[in-house]
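These come from TrEMBL:
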- 47-209: domain 'Phosphoadenosine phosphosulphate reductase' (DOMAIN)
- CYS121, CYS122, CYS204, CYS207: [4Fe-4S] cluster binding site (BINDING)
- CYS230: active site, nucleophile (ACT_SITE)
Amino acid sequence: MTTAQTVQEDLRALAEKAGRDLEEASALDILTWAADTFGDRFCVTSSMEDAVVAHLASRARPGVDVVFLDTGYHFPETIGTRDAVEAVMDVNVITLLPRQSVEEQDAEYGPKLHDRDPDLCCALRKVKPLEDGLKGYSAWATGLRRDESPTRANTPVVGWDEKRRKVKISPIARWTQEDVEAYVAEHGVLTNPLLTDGYASVGCAPCTRRTEAGEDARAGRWAGRNKTECGLHG
Ligand code: SF4
C-alpha cells in the first residue's frame with residue numbers, strides 16, 4: 001500500500017469511528033471536532049438555501065471556508081443570500097465556477113441541457129467543480145438531513161465520502177425542519193427568501209419548483225424526473 005493509500009485508510013477509519021462516537025453529539029460539538037481535527041483542511045459547502053451550517057461552523061472555527069457552487073443557473077435570491085452571508089458572517093466564502101459559462105455550454109451541448117440531460121448538466125456544473133474545489137481539503141461539511149428524503153435517511157453525522165475520498169460531515173443529519181427553524185429564529189441566521197415563498201428546497205432555477213403541503217422537502221427538485229440528487233451526495 002502506498003503512503004497516500006495508508007493516509008486515506010487512516011482517514012476512513014477516523015471518519016467511521018467518529019460517525020459512531022458522535023452520533024448523539026450536538027451539531028456544534030460535531031463541527032468543533034471537525035475544526036479541531038482538520039483545521040484549515042476543513043470546509044463547509046452551502047447551497048445558500050440557508051446559512052445554518054455555515055453559522056454553526058463559524059462558531060466552531062471563526063473565518064471557516066464556506067464553499068458555494070455558482071452553477072450560473074441560480075435564482076437571484078440565492079446569489080443575494082451568498083452575498084449577504086459573505087458580508088455579515090465570520091466566514092470566508094469561496095465561489096466555485098464551472099469550467100464553462102452557460103453560454104459556452106449551450107454552444108457545445110445545445111441550449112437547456114438541464115431539460116435534456118440533467119445528469120450531464122449537474123456533472124459539468126456541480127460535480128466536477130466541487131471535486132476540483134475540494135482538492136485542498138481533507139473534510140467537508142454539508143447540510144444534509146435524514147428527514148429530507150428517503151435517499152438521505154441513513155446519512156451519518158460523520159462518514160467517508162468514497163467518491164472524493166474525504167471525510168464528509170453532516171452535523172445536522174439528525175435535525176428536523178422544526179430544529180432548523182428554531183436555530184434560525186434563535187440566532188437570526190440568514191435564509192434564502194424563497195423559503196418563505198413556497199420553496200421547501202432551493203436549487204437551480206430551471207430544476208426547482210414550489211412544493212405542495214405534505215410533499216418531501218426535495219419533491220420540488222427535478223420534479224417529474226427520475227432524479228433526486230445532483231451527484232454531489234449520491
Ligand atoms: Fe443543471 Fe439543473 Fe443540475 Fe443546475 S440542477 S446543474 S441547472 S441540471
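Using N, Cα and C of the backbone, Cβ positions are placed for all residues, glycine too.
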Fewest other C-beta atoms within 10 angstroms, as judged across CYS122, CYS207, which are the binding-site residues: CYS207
Local backbone state of CYS204 ([4Fe-4S] cluster binding site), from DSSP in three classes: coil
Mean predicted confidence [pLDDT] for the domain 'Phosphoadenosine phosphosulphate reductase' (47-209): 96
Cβ neighbour count (within 10 Å, all chains shown) around CYS204 ([4Fe-4S] cluster binding site): 23
Number of other Cβ atoms within 10 Å of the Cβ of CYS121 ([4Fe-4S] cluster binding site) across all protein chains: 24
